[in-house]
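*Asks:* Sharing the feature lines straight out of Swiss-Prot:
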- GLU306, GLU333, HIS350, HIS450: Mn(2+) binding site (BINDING)
Amino acid sequence: MDVFKQSEVWFVIGSQNLYGPKTLQQVMDNAHHVVNSLNSEAGLPVKLVLKPLVTTPDEITALCREANYDTACIGVMTWLHTFSPAKMWIGGLSILHKPLLQFHTQFNAQIPWETMDMDFMNLNQTAHGGREFGFIGARMRQQHSVITGHWQDKEAHQRISQWMRVAAAKQENQQLKVARFGDNMREVAVTEGDKVAAQIQFGYSVNAYGIGDLVTVVDAVSKGEIDALVEEYEATYRLTDAVQLHGNKRENLLDAARIELGMKRFLEQGGFKAFTTNFENLYGLKQLPGLAVQRLMQQGYGFGGEGDWKTAALLRILKVMGTGLKGGTSFMEDYTYNFQPGNDLVVGSHMLEVCPSIAKEEKPLLDVQHLGIGGKADPARLIFSTPAGPALNASLIDMGNRFRLLVNVVDTVEQPHPLPKLPVARAIWQAQPSLATAAEAWIIAGGAHHTVFSQAIGVDELRLYAEMHGIEFLLIDNDTTLPAFKNEIRWNEVYYHLNR
């Protein structure tokens, strides 16, 4: 999955005509140098495209209008090389719908102490030109990001890359379609929510389909297609005796392959990039989709169990953000605790549906075992553990008057003991700042039992994602204390009530 190849970020230089053609030409020459260097040396995930210099309100407005309607453009990055009076930007910024990044940089890294004259000062005015631009953004109450640093600085490169990934995720939101196979798990609260409000806030659409619609496609899968996919299984995974040729669960594996092929075909035909299932709505399917869901997540699809469309959409978005990065991202659920002084642990898992992108093993184990929930035949699943390292759990919840993105930073650990009787994939982590504080803060904030677990994406990207969409962001990490966390929630209640 590479969602970045067809995308671009427009690099825009603002100035004014009073500087004269010689200075403006030097500005553009410097801009060409900066853009070419960033594209070739900074490791950015999205290509920068230098646009013509803008020096008048009409030019700025025309450029912003063009950016809105260019599907390849996922955002606009500005550099105020000289001074660009910000009233010129009001018309353009008032109609700009794409993410905006102000790169507060200058061409020279250091001051040329012995040679600096007024011509140099006239040309290099980022220090105050950027402040003028920043004022109009603040005055218009417009969300825009600011990155300060020299254009050759590695930290600046990293932050620009993060912004690009989040901008691409926002673009994905605008075209994302989520399919719900069946409805919500009966009587469950947190997986419900306002789908119309979500489409207004984020852009993605959520629609339900009867399980019979899926079954029709599943039943149409040919034997040849199934055999070919099972050969892929045999080459990719370690198969238990039960699912190998002539094994007593081989037929269950063939059924799982049929479900995967049918489910993927349904999603492709409808243009869906995220989906949900529900073990209470399985009529016509021989088993709960487990292996199918795991493999589709690894291919970049978002997923949520029990009809959880918010988690499905969020998972797809984090998959997009994390394209090409080390580490995986998966649907997850806090399942059980290990209460032990100095070694409190959380076991995260689900009935079946954990993405192999977070697998420690090069070849996960493929098996079929009994599942007491759902009342169907024993389902196929991949079984694996997760490597140690930094990670996070993210939950998107509907608070009625706003959406809340809740994030807990965790430290994934090596599985301390074998789990010979647990036939599901799992991750084990220590929650920051402690299990007690993290769990209490999560519960107080109304965090869902379903999360998106990621070892690829960090807090900065998710905070920026929340800012771009105007939603609440709450963080639980090593700096969290419960009194301060509760106060933040109280203050946010007032802010979002007044900001409706």
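Don't overthink the numbers, they just go from 1 along the chain as shown.
Backbone N, Cα and C define each Cβ position, glycine as well.
What's the neighbourhood like for these features in this structure?
*Replies:* Cβ-based neighbour count (10 Å, all protein chains) for GLU333 (Mn(2+) binding site) stands at 21.
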*Asks:* Within 8 Å of the Cβ centre of GLU306, GLU333, HIS350, HIS450, which other residues of the chain have their Cβ, at the recorded Mn(2+) site?
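*Replies:* For the Mn(2+) site the neighbour list reads GLY304, GLY305, ASP308, THR311, PHE331, MET332, MET351, GLU353, HIS449.
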*Asks:* Given a 10 Å Cβ-Cβ cut-off, pick out the one of the binding-site residues HIS350, HIS450 that has the most other Cβ atoms nearby.
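*Replies:* When each Cβ's neighbours within 10 Å are tallied, HIS450 leads.
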*Asks:* Helix, strand or coil at HIS350 (Mn(2+) binding site), per DSSP?
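*Replies:* Looking at the DSSP assignment, HIS350 (Mn(2+) binding site) belongs to neither helix nor strand, so coil.
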*Asks:* Around the C-beta of GLU306 (Mn(2+) binding site), how many further C-beta atoms are within 10 angstroms, looking at every protein chain?
*Replies:* 24
